[in-house]
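Record features, source TrEMBL:
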BINDING   CYS78, CYS114, CYS148  [4Fe-4S] cluster 1 binding site
BINDING   CYS224, CYS228, CYS231  [4Fe-4S] cluster 2 binding site
DOMAIN    69-187  domain 'MTTase N-terminal'
DOMAIN    443-506  domain 'TRAM'
REGION    1-23  region 'Disordered'
Amino acid sequence: MNEEQRLQAGLATEDAPSGKTTEKDYSKYFESVYSAPSLKDAKKRGKKEVEYHDNFQIEQRFKGMGQGRKFYIRTYGCQMNEHDTEVMAGIFMALGYEATDTVKDADVILLNTCAIRENAENKVFGELGHLKPLKLERPDLLIGVCGCMSQEESVVNKILKTYDQVDMIFGTHNIHRLPHILHEAYMSKEMVIEVWSKEGDVIENLPKVRHGKIKAWVNIMYGCDKFCTYCIVPYTRGKERSRRPEDIIQEVRQLAAEGYKEITLLGQNVNAYGKDFDDITYRLGDLMDDLRKIDIPRIRFTTSHPRDFDDHLIEVLAKGGNLVDHIHLPVQSGSSDMLKIMARKYTRESYLELVNKIRTAIPTASLTTDIIVGFPNETDEQFEETMSLYREVGFDMAFTYIYSAREGTPAAKMQDNVPMEVKKERLQRLNKLVNDMSAEAMKPYKGQVVKVLVEGESKKNPDVLAGYTEKSKLVNFRAPRSVIGEIVEVRIKEAKTWSLDGEFIGVVKEEKVMS
Ligand code: 5AD
Ligand code: SF4
């Protein structure tokens, strides 16, 4: 009996071990029925062409599965995960489930996890611990783990051993299989595990329930082939594969028609967009040039890799219009030696050259970055080079991290002679610089008028509205709630380290995008 026939027959498993399971029991189980993650397969980058599928549909037998049931998804990590959550919510709704934002009311709880650093993983294990009493109270509750952590062999083994409150684990390439996985979980007494480590395809027509009506995420590519030595992403997200331009353009047009004001194009390394096409020459610059003609006020992208940031893209970004002048350009370190060991494939000098090119073409550009401190064997001098690069570029903001060893990555095997104390002290010094320079970058705004896309109430004070400028500066101001979702003008009265306070002037009249 193949898997499909088995599912048709409503059978959960063919030869699942019964009773209390052990890791050993499961290894046989995986081979016969399920797929567990494999680091070896995740490393592979074959020549196989990406397959595009646009025939996703909810099978008749699954329709109504969610009748009278509620789902809750907790999302950890990056925007890619946030967007995956929107897709999973879309699938749940298509199955007839209702959304809830209260764990206690949920019949299915999913943790959409992040594997980028150890503390991200610890949060998830902590949360699983918190969910255990709920599962004991309500054995029919389904608890699932998905996202990047589920792609890791070691995580799946740990869950199998110690977290028997988990009913299902599925991977980042298995999201479209959610109806089947839920079905299995309802039918089976055992933990359902479906994690494909294969390189991955592109599935086009998955349903989505977007979070909000103002800003939207649009995937332009999946995966990463860069294999920076510290990073788990190439193993958890598979090989680089780009969506076809016509599908992306169509999605952005549709979002514009629905009234969205801002689009963020997503990919682990958006500058590699189009590299995998073998029938057309079409890269991120070409895509941005096409998208800027769509009548939507703001278009951003994240995340960039300096290595693939080409001249054509800079030329197109310089045309402005709805292409915002904020570029997030992770540098990771200011030391060429460190960059080499990180396998970033650029140097301090070439990064600075790129910054110079961007600034020459787009003088108003605001640059932000990501930095890792305490990479194995980073010396004081090398850390100082990061500090000096930060000053030299004059970044507006940075996300800063202490290096975290990720099992399976090359860096995890490196000897590390930097004590944690030293790493923490470096992080503190860097953060002080980041704060000081952010405060400096904010000062000139005082007295200026900025355009703000109003997102809603400020987190701290419901009487105040908040939104972001094109350069991603947070602005707080008082105005009628009717301007939520609009682009408004605000005169800045006070510049703080991370935000601006201002006075509402009025709604910006329709600005036509250049064609
Ligand atoms: N340890 C610390 N930071 C990391 N990042 C990626 N992998 C690691 C790691 N192993 C950071 C990088 C990346 C950001 C998303 O997370 O700075 O740009
Ligand atoms: Fe990780 Fe490097 Fe790929 Fe970014 S470019 S996702 S840091 S491997």
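Including glycine, each Cβ sits where the backbone N, Cα and C put it.
As the structure is a computational prediction, the values presented were derived from the model and not from experiment.
DSSP gives CYS224 ([4Fe-4S] cluster 2 binding site) a coil state; it is part of no helix or strand. CYS148 ([4Fe-4S] cluster 1 binding site) falls within a helical segment according to DSSP. Taking CYS114, CYS148, CYS224, CYS228, CYS231 as the candidate binding-site residues, the subset whose CB lies under 6 angstroms from any atom of ligand 1 consists of CYS231.
Mean pLDDT for the domain 'TRAM' (443-506) in this predicted model: 97.
Summary of the [4Fe-4S] cluster 1 site environment: with the site residues CYS78, CYS114, CYS148 set aside, the chain residues having Cβ atoms within 8 Å of the Cβ mean position are TYR76, GLY77, MET80, ASN81, THR113, ALA115, ILE116, ALA120, GLY147, VAL233, THR236. DSSP assigns CYS231 ([4Fe-4S] cluster 2 binding site) to coil in the three-state reduction, placing it in neither a helix nor a strand.
Cβ proximity to the [4Fe-4S] cluster 2 site centre (mean Cβ of CYS224, CYS228, CYS231, cutoff 8 Å) flags the following additional same-chain residues: LYS226, PHE227, TYR230, ILE232, VAL233, PRO234, GLN268, ASN269. When the binding-site residues CYS224, CYS228, CYS231 are ranked by how far their Cα is from the Cα of CYS114 ([4Fe-4S] cluster 1 binding site), CYS231 comes first.
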